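K.L.:
Just lifted these from Swiss-Prot, have a look:
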ACT_SITE  5  active site
BINDING   161, 164, 167  Na(+) binding site
């Protein structure tokens with residue numbers, strides 16, 4: 001379900017960075033696009049969001065999440081919980097296949113369609129087919145280097161792209 005995507009985010013203090021690869025795969029064997037933008041700025045540039053899953057579903061969720069951010073004046077946690085409620089309860093939304101990582105300078109959350117809103121304990125989150133590789137790399141880098149979040153996510157994505165066939169090295173990094 002979550003092939004052709006890796007998203008990783010790191011929060012250190014009031015700095016946060018998120019990175020995603022650019023590969024879009026159709027089916028199991030055909031790369032359709034190399035430079036897709038899977039990480040975006042939302043809510044006047046104050047929130048980062050990245051998705052893994054169906055592109056059409058992700059656009060729907062980005063739009064709904066941004067509406068929730070507007071409704072709750074940029075309160076990331078409240079917007080995330082309300083999106084997760086809608087996602088779980090609404091018949092049309094329930095069928096969407098995607099995961100989101102959202103972050104602002106205060107917090108980072110992983111949002112799933114089954115209603116989970118999870119804040120990572122260590123300020124590091126990753127999703128998608130290369131997510132476990134990126135997560136392991138980011139944790140090792142945070143523990144053993146003094147790199148800033150933007151450098152950390154870049155390096156973690158490079159590790160993931162060297163291992164996961166559904167993740168390419170066309171990496172987009174956003175930071176707050």
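Backbone N, Cα and C define each Cβ position, glycine as well.
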K.L.:
Give me the Cα-Cα distance between residue 167 (Na(+) binding site) and residue 5 (active site), rounded to a whole Å.
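P.N.:
Taking the Cα atoms only, residue 167 (Na(+) binding site) lies 6 Å from residue 5 (active site).
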K.L.:
Neighbours of the Na(+) site 161, 164, 167: Cβ within 8 Å of the Cβ centroid, same chain, sequence order.
P.N.:
6, 21, 23, 129, 130, 133, 134, 157, 160, 162, 163, 165, 166, 168, 169
K.L.:
Return the count of C-beta atoms lying within 10 angstroms of the C-beta of residue 164 (Na(+) binding site), excluding that atom itself.
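P.N.:
Taking all protein chains shown, residue 164 (Na(+) binding site) has 22 Cβ neighbours within 10 Å.
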K.L.:
For residue 164 (Na(+) binding site) and residue 5 (active site), determine the Cα separation and express it in whole Å.
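P.N.:
Checking the Cα atoms of residue 164 (Na(+) binding site) and residue 5 (active site) gives a distance of 9 Å.
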K.L.:
Once the chains shown are all counted, how many other Cβ atoms turn up within 10 Å of the Cβ of residue 5 (active site)?
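P.N.:
By my count, 30.
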K.L.:
Counting other CB atoms within 10 A of each CB, which of the binding-site residues 161, 167 comes out lowest?
P.N.:
161
K.L.:
Taking only the Cα atoms, work out how far residue 161 (Na(+) binding site) lies from residue 5 (active site), in Å, as a whole number.
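P.N.:
With distance taken Cα to Cα, residue 5 (active site) is 10 Å from residue 161 (Na(+) binding site).
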